[in-house]
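Novice: My questions all concern the structure below.
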Amino acid sequence: MPRHIPSNNIQEFRAILHAAKHIIVVAGAGLSAASGIPTFRGAGGMWRSLDAMSLATPEAFAKDPSLVWQFYHYRREKALRAEPNAAHVALAKLSIPSVRASIAPSSKTFHLITQNVDGLSTRAARAVTTAQETPDASALLEMHGRLFDVRCTKCSHTTLDFSSPLCQALGDADRAHEDEVAAGKKETQISIPLEDLPKCSVCNSLTRPGVVWFGESIPLLPQLDKLVEQADLCLVVGTSSLVQPAASFAWQVQENGGRVAVFNVEDSLGTDTADFFFQGGCEIELPRALGMDDTA
Ligand code: BV8
Ligand code: ZN
């Protein structure tokens with residue numbers, strides 16, 4: 001049995017796109033890499049010599065909320081200074097029914113399921129909105145939550161808060177840490193007293209970032225399962241496909257007879273069984289494959 005080789009033929013891919021009825025995209029950190037947001041794998045996976053994934057847990061927050069809030073302060077500041085890239089924009093354009101009709105005329109539905117919490121896909125949708133053309137607001141599903149959502153740990157009151165810093169103490173701790181690094185001092189963790197961490201505007205209790213941590217269930221899962229069930233084409237963009245349940249969506253689409261196209265700078269889990277593999281930066285390969293780049 002010859003080994004299956006995923007195709008990288010754009011014409012073949014566009015023919016599949018042309019016939020697809022229910023399209024989903026499963027995106028990960030690689031989608032935002034070209035915008036300067038560190039990924040979880042490789043160098044980006046470490047913050048102050050700590051493993052990012054170990055900080056994204058309720059246990060880490062219970063043990064040291066000051067440390068975890070400083071980690072998310074760092075991620076907020078990075079996201080605030082980043083701009084959506086050409087891959088975000090291409091996916092935002094696919095969310096515009098009139099644009100999609102020219103690329104995928106048989107498509108009835110399109111959903112962008114992102115594991116990213118940086119808000120760059122939302123900003124891209126806003127950037128491509130004109131008086132004539134508006135992305136379908138229900139197309140974007142941020143399955144792991146949003147960095148700029150701030151949720152009360154007691155009454156669950158949630159606000160979308162882009163302030164920088166989110167509270168004085170986080171700004172001070174950040175500056176103090178930079179001064180230490182600049183002075184060549186060994187990195188020390190600055191511990192912010194609990195009463196100085198971000199508080200709930202309703203009940204004044206401690207708040208937490210509005211993201212889904214490891215071991216926590218995914219509120220959108222019932223809706224996501226339905227979309228995965230009906231999808232006949234899944235684009236897998238910039239993800240290592242190691243975190244569940246997102247990592248099994250593409251496989252489920254293929255199990256149901258649908259097609260899978262992977263966009264990644266390198267081989268990742270599931271690439272070998274995909275129908276298409278476009279290797280390279282998705283900020284280049286995705287607009288090209290969709291015929292949205294200037295060579296189109
Ligand atoms: C849950 C938010 C119910 C917070 C995140 C079954 C088996 C084993 C384990 C489990 C299982 N079911 C559940 C689990 C446990 C766990 C899990 O999957 N663990 C893994 C580590 C094995 N899952 C959960 O806990 C989920 N909850 O299932 O609840 C439950 C609970 C317990 C047990 C059973 C059931 C919740 C998971 C969500 C956690 N929150 N984020 C935050 O961001 O701080 S996950 C976070 O990490 C991201 O959101 C993302 O999902 C993941 C990182 O993966 P990627 O985004 O793919 O990033 P990565 O760096 O890994 O890869 C980047 C890729 O891009 C690379 O391939 C690279 O080559 C490529 N790339 C780079 N540059 C480019 C590029 N590609 C294209 N262009 C470029 N320019
Ligand atoms: Zn509260």
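Along the chain as shown, the residues are counted starting at 1.
Quick reminder: no glycine exception, Cβ is built from N, Cα and C everywhere.
If you look up TrEMBL, you'll see 3-296 marked as domain 'Deacetylase sirtuin-type'. If you look up TrEMBL, you'll see 28-47, 115-118, 238-240, 264-266, Cys282 marked as NAD(+) binding site. Under the heading substrate binding site, TrEMBL lists Tyr72, Arg75. According to TrEMBL, the feature active site, proton acceptor maps to His144. The Zn(2+) binding site annotation in TrEMBL covers Cys152, Cys155, Cys200, Cys203.
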Novice: Count the other Cβ atoms sitting within 10 Å of the Cβ of Gly238 (NAD(+) binding site), across every protein chain shown.
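Specialist: There are 27 such Cβ atoms around Gly238 (NAD(+) binding site).
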Novice: If you average per-residue pLDDT over the domain 'Deacetylase sirtuin-type' (3-296), what number do you get?
Specialist: 95
Novice: Which ones in the same chain are close to Arg75 (substrate binding site), with CB under 8 Å and 6+ residues apart in sequence?
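Specialist: Residues satisfying the criterion: Val117, Asp118, Leu147.
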Novice: Within a 10 Å radius around the Cβ, which one of these binding-site residues has the most neighbouring Cβ atoms: Phe40, Tyr72?
Specialist: Tyr72
Novice: Compute the mean position of the Cβ atoms of Cys152, Cys155, Cys200, Cys203, which form the recorded Zn(2+) site, and then list in sequence order the other residues of that chain whose Cβ is within 8 Å of it.
Specialist: Thr153, Lys154, Ser156, His157, Ser201, Val202, Asn204, Ser205, Thr207
Novice: Tell me the Cβ contacts of Ser32 (NAD(+) binding site) under 8 Å, same chain only and six or more apart in sequence, or just say none.
Specialist: Ala82, Asn85, His88, Asn116, Asp118, Leu120, Gly238
Novice: Taking only the Cα atoms, work out how far Gly28 (NAD(+) binding site) lies from the residue listed as 'active site, proton acceptor', in Å, as a whole number.
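Specialist: Each residue's Cα considered, Gly28 (NAD(+) binding site) and the residue listed as 'active site, proton acceptor' end up 10 Å apart.
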Novice: Out of Tyr72, Arg75, Cys155, Cys200, which binding-site residues have CB atoms lying under 6 Å from ligand 1?
Specialist: none
Novice: Between the recorded positions Gly36, Phe40, Tyr72, Gln115, His144, which lies closest to Cys203 (Zn(2+) binding site), Cα to Cα?
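Specialist: Comparing Cα positions, the closest of these recorded positions turns out to be Tyr72.
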Novice: Per DSSP, to which secondary structure element type does Ser32 (NAD(+) binding site) belong, with helix, strand and coil as the options?
Specialist: helix
